[in-house]
Amino acid sequence: MAASLPHTLSIPHRRHSSISHFNEQILGICRVDANFNCQRRAKVVCQGMLAPRKFMQRRKKIEVFEDAADEADQKNWRKMMNEIDEVGSAVSVLREQRTKNQPLPKELVLGTLVRFKQQKKWNIVAEILEWLRTQHWWNFNEMDVLMLITAYGKQGDFNKAERVFSYINKKGYAPSVISHTALMEAYGKGGQCNKAEAIFRRMQSSGPEPSAVTYQIILKIFVEADKFQEAEEIFETILNDEVSPLKPDQQMFHMMIYMYKKAGSNDKARRLFSMMTERGLQQTSVTYNSLMSYESNYKEVARIYDQMHRAKVRPDVVSYALLISAYGKARREEEALAVFEEMLDAGVRPTKKAYNILLDAFAISGMVDQAKVVFKSMRRDRCTPDLCSYTTMLSTYVNASDMEGAEQFFKRIKQDGLEPNVVTYGTLIKGYAKANDLETMMKKYEEMQLQGIKANQTIFTTIMDAYGKNRDFGDAVIWFKEMESCGVVPDKKAKNILLSLANTVEEKAEARKLVGLSDDSDNGLIVINDNIGFEDEDDVDDVDDDVSEDDDVDDDVSEDDDVDGDGEETLSLIDERKEVSIPMGI
């Protein structure tokens, strides 16, 4: 069957173990879709795509218990944990476990705390510990206090973390690197970067001595706040063996490589990559993921991916997701699918966000049939589509100029129990603007407002552009001013679009005045507004953010300082499965 494929089907030049499998999966010959603007790219036939893999099938677990009592205890405990998950609160369920005012078994309490800690459900951990503080039958000790402040730190609740930190001081506990680091992390997650830095500097000058985890977290805080110089200074200090008692570890190198890629300093990132070998540090998939992060050229991502293979480093789900994303953004859907198939053949279970990225690869080019297959496969493989998945699927219809299909799918979002957000509405508004259907576009805008959703930068820009192109410059000015009156500061894209809409001398003068350009400044701004995105700072699940943020560039340090991987749903350029955790000794 592979021999019947036309030459228009491009396959990566790299060695992919699943290429032959991919060719065999395609049942039929690709045909050119006439609706594909100037690209005229070959369309991947969706029959046979993403066939089920045995390793993803449900398997019945065989458990071995010590005796009947142990079996009963384990089953009761699991039933209790499921109930907590369903209720969303732990205390009410734990109260019911007590009989005749007897204390709960210590093993049950500790086991419950440890499990929720492993699941990173820090809100439940904090709830349980706050309840235990009030229970006379529980000895609330220093380790409990440290875990509580850690839980608040992980949630970024610096107000509660401060309160518990004060409690530690009142109890007369010795200054702890764990409590200081947790409070520092709380400030960082809460956007209080200066306060986090103040704690770190105080630890450096007067103690307690910062640990490796402390350094990992402060570097992460600085990188997320784009304080690259401060992060670099700290890392350079650690590199100096004569000054620092600590040596930079794997996680610190990963964070700094990621930072340099984020800052566009590719040479520095590669230099650190080489330095890891010189210092005897193992280069893992996380290392290569860091190098691939923020890389805009799909060829460079593929080159690093090949380098990882040559080094006999097994790609993880993030590695595959980064390569799939790079191909998708380059509108090379066939290669994106081939890499996804390779991931499945390698026995790597895709996460929800990995599926979303493949979905986005087809959505960009409006390949509705292929996107439908991916969307359906998510449910089959126990990756329940989230709002991001639905919004991406909606954008597939929009990019295919199928507004009737988009409208039907928009209704399905609500039918399936999800609430559209600003990104969802923005995607639909973009579609109607593109179709020059201003009446329906405004109906969707008004519907969004009635739902209590405020328009973001890109929605205002889209409406302004649509009115300027289809009516007159005056309407565009009205929407530009409306944007400002709603507290949304026009960005460079909005200003460029307004300038591009001005035709007469008077209009150009008004546009320059509105965007803040002086009469003698160079009007050399060029705008390309065919692909206005709808990213919103509150929409953490946006597809583009999944592979360029992160959300989270955390490396997980377990109690033994080993990296663990739970394979859960946070996609990060450093490692989607990991988050810096503070050893608790519980």
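Here the Cβ of each residue, glycine as well, is placed from N, Cα and C on the backbone.
TrEMBL: automatically predicted annotations, no manual curation.
Now, the feature entries from TrEMBL:
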- 535-569: region 'Disordered' (REGION)
- 141-175: repeat 'PPR' (REPEAT)
- 176-210: repeat 'PPR' (REPEAT)
- 211-245: repeat 'PPR' (REPEAT)
- 249-283: repeat 'PPR' (REPEAT)
- 316-350: repeat 'PPR' (REPEAT)
- 351-385: repeat 'PPR' (REPEAT)
- 386-420: repeat 'PPR' (REPEAT)
- 421-455: repeat 'PPR' (REPEAT)
- 456-490: repeat 'PPR' (REPEAT)
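Residues 142, 145-146, 149-150, 152-158, 161-162, 165, 168, 217-218, 220-222, 224-225, 227, 230, 245-246, 580, 582-584 of the same chain lie 6+ residues outside the repeat 'PPR' (176-210) yet bring a C-beta within less than 8 angstroms of a C-beta in it. Cβ atoms under 8 Å from those of the repeat 'PPR' (141-175) belong to residues 113, 117, 120, 122-123, 125-126, 129-130, 132-133, 181-192, 195, 207-208, 579, 581-582, 584-586 of the same chain, restricted to positions at least 6 beyond its ends. Across the repeat 'PPR' (351-385), DSSP assigns 26 helix, 0 strand, 9 coil.
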